[in-house]
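Take a look at the structure set out below.
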């Protein structure tokens with residue numbers, strides 16, 4: 001007998017032979033494990049061991065590079081300047097003088113603090129500078145004392161010629177100046193997210209529609225404020241060439257608001273249906289409230305690894321021996337060799353893989369907890385569900401999570417490489433308006449589409465992994481065909497879950513960012529001490545959106561996991577009267593879909 005599988009053609013064109021059943025367009029997947037009738041399978045072994053070995057090897061190489069660079073590396077070479085006598089600020093006798101204050105092209109001093117307006121004409125807080133006085137007021141920009149906007153332009157021009165003060169550095173200075181408000185923004189976003197989480201338990205419908213209304217009002221308000229400021233109103237802070245930019249921003253926000261309103265009107269009925277699923281997800285969070293802290297724990301892990309990565313990447317970078325320094329510039333530029341470059345590439349990929357693994361672990365733990373909760377309605381044990389999920393994530397399913405995160409990490413790396421080459425091409429003489437530029441744009445688009453598919457497949461694979469304990473490939477296989485068999489049902493529910501997750505994150509981000517934006521543009525302590533409010537505002541938006549996304553992802557995962565559990569429950573018990581573990585709040589939704 002051949003190993004080929006004989007399948008019937010459902011169009012009655014006779015029988016066809018296929019080497020693999022997946023070649024048949026009518027194939028809808030294999031049968032699921034019958035043990036799923038009673039809930040997640042308890043008996044499971046370690047899977048995808050090769051990925052564990054590869055992951056530990058990457059970590060071993062990273063630690064080896066860190067240890068080897070510890071003795072020869074010196075991160076201070078990257079950011080500490082030199083005075084006109086070629087003494088490095090912040091080191092040795094100048095340990096307490098880390099900043100550079102430039103007076104002329106050939107005269108600069110290491111100072112302990114940058115003199116402000118009150119320090120003009122007074123003695124510089126410098127090391128052995130013969131009672132030199134400060135000719136201009138300055139603000140600290142990293143380790144550089146940069147003239148404030150009120151100072152004579154000749155000093156700004158002098159320092160700009162000696163030091164490449166890019167827009168990034170100005171924005172960094174603004175962010176450094178407003179860091180207390182950035183931290184406050186994170187706190188406000190956490191408060192808004194927790195408040196939204198608990199309110200959804202009480203009145204999901206009112207909260208969802210109210211959230212949509214507030215989102216539209218905030219978008220419109222931001223556009224209106226930007227438009228009024230572009231016409232000269234409320235300009236109490238200094239802005240560089242912002243009139244036209246603010247007017248464009250106003251039209252963009254108004255357009256976003258109008259388009260959002262049209263989309264919401266078209267999806268009004270489907271949003272009402274999704275509210276029933278959200279109520280079930282709210283029931284899950286009410287009974288398993290500890291799940292709310294899973295994203296927080298994962299975020300702490302990511303921040304901890306990022307701190308490690310930042311410190312040792314700087315140390316490895318500082319091992320470069322090639323140093324470029326102009327005669328009068330206070331800063332040096334390091335040029336890494338091939339060896340240092342490979343080490344930095346290793347650390348960069350390690351960063352991406354670990355971040356992807358943290359996301360995978362978060363999704364797996366939440367899905368696993370949700371599976372436990374769903375099947376607890378027919379007697380499945382629910383005690384210590386979060387601890388049990390973490391244990392599985394770091395033991396039997398560790399390799400499978402690494403496998404899924406590795407695929408996503410490779411896709412992200414390819415995206416970064418394409419973006420890097422595209423940026424280099426845009427900055428070249430010929431630009432990107434050519435065949436190569438179009439090819440790179442097409443490649444970036446295709447990779448982005450593939451990334452969305454991988455993220456969707458991974459998420460559902462982690463749910464099947466939580467149910468069955470299989471390897472990543474087997475879980476992804478079963479998840480793919482399970483979704484294929486219920487394409488319409490999954491498409492509608494997943495789409496609405498994504499919509500709610502997005503709107504929730506936008507609501508948290510917009511409300512938190514708007515409050516903090518008003519603070520830095522109205523409070524005297526900040527409005528006169530920043531170059532431009534754009535960078536801090538972008539920081540507000542980014543941080544609050546990440547926090548909002550982190551919390552709303554709990555609901556998105558809950559919606560998708562509950563639906564997949566319901567589908568599995570239905571298929572396992574289709575000959576016994578249908579699903580046996582459906583929560584009460586999900587029964588109406590299930591009846592509407594059937």
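Glycine is no exception: its Cβ is also placed from the backbone N, Cα and C atoms.
Looking at 289-311, 312-334, 427-449, the range tied to transmembrane segment in TrEMBL is 289-311. Between the stretches 5-26, 27-48, 49-70, TrEMBL puts its transmembrane segment entry on 49-70. Check TrEMBL against the ranges 157-178, 179-200, 465-486 and you find transmembrane segment recorded for 179-200. Scored on C-beta pairs under 8 angstroms, the neighbour of the transmembrane segment (207-228) with the top count among 248-268, 346-375, 396-418, 530-548 is 248-268. Taking every recorded stretch in 179-200, 289-311, 396-418 and counting its Cβ pairs under 8 Å to the transmembrane segment (499-518), the highest total belongs to 179-200.
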